[in-house]
Each structure stands twice: as C-alpha cells, then as structure tokens.
Amino acid sequence: MDALVAQLQMQYRNYTASLYQQGFLDDQFTELKKLQDDASPDFVAEVLSLFFEDCVKLIGNMARALDQTGTVDFSQVGASVHQLKGSSSSVGAKRVKGLCVTFKEYCEANNYEGCVRCLQQIDIEYKALKTKLQDMFNLEKQIVQAGGKVPQVDN
Amino acid sequence: MMEVCNCIEPQWPADELLMKYQYISDFFIAVAYFSIPLELIYFVKKSAVFPYRWVLVQFGAFIVLCGATHLINLWTFTTHSRTVALVMTTAKVLTAVVSCATALMLVHIIPDLLSVKTRELFLKNKAAELDREMGLIRTQEETGRHVRMLTHEIRSTLDRHTILKTTLVELGRTLALEECALWMPTRTGLELQLSYTLRQQHPVEYTVPIQLPVINQVFGTSRAVKISPNSPVARLRPVSGKYLLGEVVAVRVPLLHLSNFQINDWPELSTKRYALMVLMLPSDSARQWHVHEMELVEVVADQVAVALSHAAILEESMRARDLLMEQNVALDIARREAETAIRARNDFLAVMNHEMRTPMHAIIALSSLLQETELTPEQRLMVETVLKSSSLLATLMNDVLDLSRLEDGSLQLELGTFNLHTLFREVLSLIKPIAVVKKLPITLNLAPDLPEFVVGDEKRLMQIILNIVGNAVKFSKQGSISVTALVTKSDNRAPPDFFVVPTGSHFYLRVKVKDMGAGINPQDIPKLFTKFAQTQSLATRSSGGSGLGLAISKRFVNLMEGNIWIESDGVGKGCTAIFDVKLGISNESKQSGIPKVPANPQHANFAGLKVLVMDENGVSRMVTKGLLIHLGCEVTMVSSSEECLRVVSHEHKVVFMDVCTPGVENYQIALRIHEKFTKRHQRPLLVALTGNTDKSTKEKCMSFGLDGVLLKPVSLDNMRNVLSDLLEHRVLYEAM
C-alpha cells in the first residue's frame, strides 16, 4: 500500500509541478491551497467550481455581446472581461488572466477581430484548465483513498 | 656923580674906552642871557616832549641871574649907591648858588642826554632792520600766494596737457619769465623732447640726449639748479643779438607711475623718470634768481608731479572702467545666449521625454504581454530580445534625461527611511546572476557598526551601487569582487579637498568595490567621470553601455554631499572604486511603507474580528472571505455598495472594498461611511482592494478617506500583516 501511496504522491507532485511550469497556475493558487484547512476542507474545490461557473457565464455574455450584428457594445464586453480577469487572478489561473489582459486591450481599441480571437482562446484555455484540475483532484482523491496525505506542492 | 647915559657918543678917555666896551659887552650879554631862556621856553613849549623841565627852569634861572648880574654890572661902572651894591651882591650870590647847582645838576644830566642819543641811533638801526625783514616776509608771502594759486590752477584739472600748460603760464606770469619750457622723456627713455613752451606756440620738436652732464646735474638733486644759458636745453630760440642772456634755472619734475608705489613705502627714487623744466629770466635785465624764486620753482615742480600722477591714475581707472563695461556687456550677451540655449534644451528634453517614453512604454508593455502568450521558442527568443533591447533603450533615455536634470541642478533627492542592509543584499541579488555566469564570486562585507535604518534617497543610492558593482562585474574577466560598506569619519585616503565630518544624526557611508579585472591606466582616471567617454580598450568595447553611468553616479554622490573616486594600480591590476555619501540616521526602527514581516510568524489572533467584504466578483469575494476566515475573522459578505451601506455597522472593525471596476462609485462608499459614522472610534477601517497600487490610485484612496490600499490578489501572509498593522496603527499604505 505504501508503495502505491508513494507512487501516487510522486505522480501528483510531478503533475502539479508541471501545471505550474506550463503556466496554468501561479502563486495565487498556492495561496489558495494554504487557506484550505480542517475548518474548510473543500475550500479550493468550492472556489474553483465557482470560478468555472463564472467563466461559463461571462464567456456567454461576451459571446452574445460580440454577436450583435451592427454596433458592438465594447464597453459591455470590457466589463465582462474585467470580471473574468478579477476572478482568474483570484484563483491563480495564470493563462486565463493573461488572455484577459490582452482581451481588455483589444476591447479598448475596439478591435473586433482581436476580441473574437481572444474569446475563443479563453474558451479553450479555461476548459483545458478545468480538465487539468479535474485530473489533479482525482489524483488527490486516490491518494486519500489509498490512505496517504496529499503532498504540499509549491511551484 | 655923572649921569649915566646910554648914549655912545661922548668921547671917553682911554681907560674909559675900555670901560665903555665892557659896558657894551655886558649889555649884550645881558640881552643874550635874557633871550636864551625865552627861546628855550618858546621852543620847548612848541615841542611836546621834553623830560627835563626842572633843569630848564634851573638853567633859565641861572641865565636870568647871570643876565641880571651883567645888567646890574652896568651900574657899577660908575660910582653907585649902596643899594645898587646890595642888589649887585644879592644877584651875584644868587647867581653863584644857582650856577653851582646847575653845574652839579649837569653832571647828572649830560650822560643821560648823551645816552638818549645812542638809543635813538639804536632804534633807527632796528627800524631799518625790521623794514628789511618786513620786505622779506612780504616777498615770501607773495611767493606762497603764487604757489597756492599755481597749485590751484594746476590741480583744478585732471588733463595732463592742461596741467603742464597752466604750470608754464602761471610760472611765467608769477616770475615774469621770458621763456619757460618743459622737456619730457621719450618712450625709449634715451632722449628728452621739447614738449611745451610758454611763448612759442608750436615748439619745434627737437630732442636732446638724456645723458648730458648738465641734465644729470639737474636730475641729481631735487633743488632748482642754475644752469648756463648756453646749454642745449636752454637754447630754445635763435640767439638774436641780445647782449646778456637772462639767467636760467632748471629743475627736475618727477613723473610718478602707479607701479612705483609700494603699499607701505614711498616710491623708490631709483626707478623714477624725470622731466626737465627750464626757466629763463628776461635777457638784458639785471634781474637775478633770488632764493625765494628758486624755492617757488621747486615747490611748483613737486606739485606738478603730483598733479600728473593723479591724472595718470585717473586715466588708468577710466580705461579699466571702460574695459569692465565692455566685458559686462559681453558677459550679459553670453549669459542671455546661455539661458536661451538652456531653455531651448529644456523644451526639447521635455518634449522628447514625453514623446520618446510613450512609444517606449508601449513597446515594453506589449512585448511583455506578448511574452505571456503562447509562443514558439524562436518567437520567444525574438520577443525576449525585443524586450531586452527596449529596456536598455528606456534606461538609456532615463539616464540621459536624469543627467541633464542633474546638470541643471533641478534634480532633488527624494529622502526617505530605508533599510541599508537590505539595500545591499538586493543589489547583490540583482548582480549575482550575471556574476555567476561570468564565474566571478562576489562577497559583501557590512561593517558591524553600519546603521540599519537610514534616511536618504534609496532609489538613487541603489542606482549608484548598482552602477559601480555592475561596472566591476562588466570589466572583470576573472578574479573576485568584494563590496565593503563601512562608516567613515575622516580618513587620510580621501582626496585632499574633501573632509569628512560626521555631524549629529548624520554619518558618512563609505562603499568600496574592489575587483581584479582589467584595471585602469592612472592617466585615464580623471576621464572616467566625464560623460560619454570610455576607455577604448578592445576587450571592453563589447560590453556596451553609453559611458554615462559613472557620470550620473558622480552627480548623485555629489548631491548627497559625498565624493567618489577610483584607485587603480594600473592596467591589468584591477581597480577599487570608493565613494562616500552622507546619510541620516533614522530614529525610528520602523520603516514607513512595506509592512514588516514578523520574526516568528505566529497566528496573529484576530479571533472574532468582525469584517465586511464588499466585492462584485463572486470568485474573488469567496477567496477573500476564505482568507479572512482562515485568519479567524468573522466575515460578512456583500456584493454591492448599497448592500454594503445597509449592512455596515459599528460592530465591523474593517471593511474591505473592491475598487477594481472602473468608476468612482465604489469610492463614494467610503465617503458615505464617513458620513454614517461621525465618531472616529466607531467607524470601521476602510481598505481598498485593487488591481494596481500606483500613485494615482493611492492618492484617490487617500482623498476619499480610505485608510489603506491592498493589491489583489492578497497572499495569506500579506493579509495577516496588513490586519495586524491596521489594527495597531489604524492606517496603512502599502508600498508596491
């Protein structure tokens, strides 16, 4: 059993480290993990699920706003992007946040093509992140089930 | 008895003839004797003074009695009565008495009378002498008057020519001269040239050599000297058959120069130049030069010298003043040109500053954003190069702008309290990567008495240290680099024109950076601190840089009242850069700004601390809540400003409000909360959570009455420190 735990732990460690290295996550995520304790054991998961819900909602808003035939209300798009940027920076979703920054610039420049492109990228990005984090959580669950403790991985 | 008759005619006998003659003589004697006193009385009465009246009376009595006697004698020739005889006897007795008395008296009187005569003679002589002296004094006084008048005339003008001309004219008038001439030395000093004459209107310009014996004679004494009328200096006109040329006197006139005057001495006589003044009495007159006239001439000559020197001084000072005025005008023009140039340059710089920085920032910002996106390795490399180059360019621009501001003197240090030890460690950590790559070990030695918290311009000091250490790394190929920091008092090794005196709450920091690199030729050391000059050794050519670094560092060091210099033993032997700067010692052990990390971070107990979180963004709201709950606070969450206002109460100690969304509505809450809680101790502390903490945001927060600003996302440690600081001080402004 211990060997399995050890193996799982190592797998987990590598995986998490790779997430940091590849720029999916940043320091904020580490901070988030620190807030998880016995009082709130699922804190991270809760926050992340809230974040992904937010993503869906905001991306939907933005798609709708950009879909207008005729005049596009860039300010509305900008407001949504701003929200998304805030959310992503709160959870440590590095890539998403970066895309939001670029997106915002395009909005301010009223660059329609740029906005559309960015939106697509954000969509792809958040989904990718979601998948990765899902895998990470599954690993955590396996470790816990195997009787081990989830190792602390800082970037 | 025969009748006596006074007629002469009766013929007397022979012995009666004799009697007759006696008779007549007696008669005449009597008459004379009577008339003498009368005459005496008459003349004495006429004259006012006659001291011997008594003698006169006596004498008169004597004579009268003698006369009487002789008169009475007339009656005694014939027989006479007894009365007559009696009278005669009385008269004779009296006469005898008086005569004897008179004779006795005369013995006394006659010497007196004689002495009167001698006194009279004596007084006459004295009078004559006094007359003579009077004459002399009068002459002298007149001379003096003439001199004063001459002096007045001469000194009433400061014009050289007028002075000399007036002298000659006045002298000629006073002394009634025939001719008066002035010979001036030529420029070469070898000849005397006839410069001024009295009578001739246009003197013939002719010269005599200065070494003539007669001239030497005159120049050798300060007195007027009589010279021969035939000497060359006195032969001014063609001799035209005058029998006797008038006597000639010559005197020297010293020409004083400013340079002759020492400060406390009289002018040296040996270096003087003289002019010659020649005065000629009218010919064919028997006049001779009197002593007082020659004295007059000497005095005049001296006065002329003084007047001439005054004129010379005046000329020089006028010339100097004109020169100064010209220089003033030129300087004024130059200053104005310089000002115009500076203004033009400042305008240019100001424009360039803005114009250049804007695109620069755009390039840097977008490049760094580009870096964040997904790129292929080649693209990443390209972007990194772009970023590096543009950073370098931005630094260069800043350097140039800084330098021009430094040179203007318009740069001022931004003083603040900071941790000196931390500064050094930061610099080292910045340089370490490059040093590690070049395999140059760097060591840092901080003196044990080096204060930790100091007051000074942190940014610029870092710039200086970075520049120096960076140079050390840049120009070293091998060896090690050591950075030493210590407190210095006065040190002999400092350059001689700089004295280090620690005052009060200040001290002088000395930093020595020693490397074993390329070294510097001692001759090149002064050039190091000049802008844009770099030692052109091929090895260092590739290291780039504009050569401004040291110049800027030097300027900063000077602003900090310090000094910077470089010592090197020569090329290839490494060099040591040393600088001193003045820093203040901070009294507080606490810095303002960055909150201190506690030595052993324990769970600061905020148990039950009621806080309110206002954030529109659900996710970040949740994260902030989690953060605060983890720290033990009791968190209330609101998602809008209205809700916040409704919910907030005096129980909440802190309100965290997100002000990320653009617009000022969020800030209004702060004002409304201020309005709601008028008493300060009831009001919760207001902290803004924002995505950027630049100066404008901070200022905005301060103006709206917020107690602090926090950068999102907040780390756990950060939040912990912030809360403890906040509760302790009731105010917090986190520096970036």
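Note that the numbers count up from 1, one per residue, in the order the chain is shown.
Keep in mind that glycine also has a Cβ here, set from the backbone N, Cα and C atoms.
Note that this is a predicted model, so its numbers are computed, not measured.
The Cu cation binding site annotation in TrEMBL covers B:Cys66, B:His70. The annotation ADP binding site is assigned in TrEMBL to B:Asn471, B:Ala472, B:Val473, B:Lys474, B:Asp515, B:Lys531, B:Ser546, B:Leu550. Per TrEMBL, ubiquitin cross-link is recorded for B:Lys712. The domain 'Histidine kinase' annotation in TrEMBL covers B:351-587. Per TrEMBL, the feature domain 'Response regulatory' maps to B:610-727. As annotated by TrEMBL, 4-aspartylphosphate applies to B:Asp658. The feature transmembrane segment is assigned by TrEMBL to B:21-42, B:54-73, B:93-114.
When the C-alpha distances from B:His70 (Cu cation binding site) to the recorded positions B:Val473, B:Asp658, B:Lys712 are tabulated, the minimum falls on B:Val473.
Taking B:Cys66, B:Asp658, B:Lys712 as the recorded positions under consideration, the smallest Cα distance to B:Leu550 (ADP binding site) is found for B:Lys712.
Averaged across the domain 'Response regulatory' (B:610-727), pLDDT in this predicted model comes to 80. Around the residue listed as 'ubiquitin cross-link', taking its Cβ as the centre, 22 other Cβ atoms fall within 10 Å, counting all chains. Across the domain 'Response regulatory' (B:610-727), DSSP classifies residues as 53 helix, 25 strand, 40 coil.
If you check the recorded positions B:Asn471, B:Ala472, B:Val473, B:Lys474, B:Asp515, B:Asp658 against the residue listed as 'ubiquitin cross-link', the ones with a Cα inside 10 Å of its Cα are B:Asp658.
Chain A comes close to B:Lys712, taken from the recorded positions B:Cys66, B:Val473, B:Lys474, B:Asp515, B:Lys712 by a C-beta to C-beta distance under 8 angstroms. Note: the Cα of B:Asn471 (ADP binding site) and the Cα of the residue listed as '4-aspartylphosphate' are spaced 45 Å from each other.
One residue stands out among the binding-site residues B:His70, B:Lys474 for having the most other Cβ atoms within 10 Å of its Cβ: B:His70.
A gap of 46 Å separates the Cα atoms of B:Lys474 (ADP binding site) and B:Asp658 (4-aspartylphosphate). Shown are the recorded positions B:Asp515, B:Asp658; the one with the most C-beta atoms within 10 angstroms of its own C-beta is B:Asp515. Neighbour count (other Cβ atoms within 10 Å of the Cβ, all protein chains): 26 for B:Ala472 (ADP binding site).
Of all Cβ atoms in the shown protein chains, 21 besides its own fall within 10 Å of the Cβ of B:Val473 (ADP binding site).
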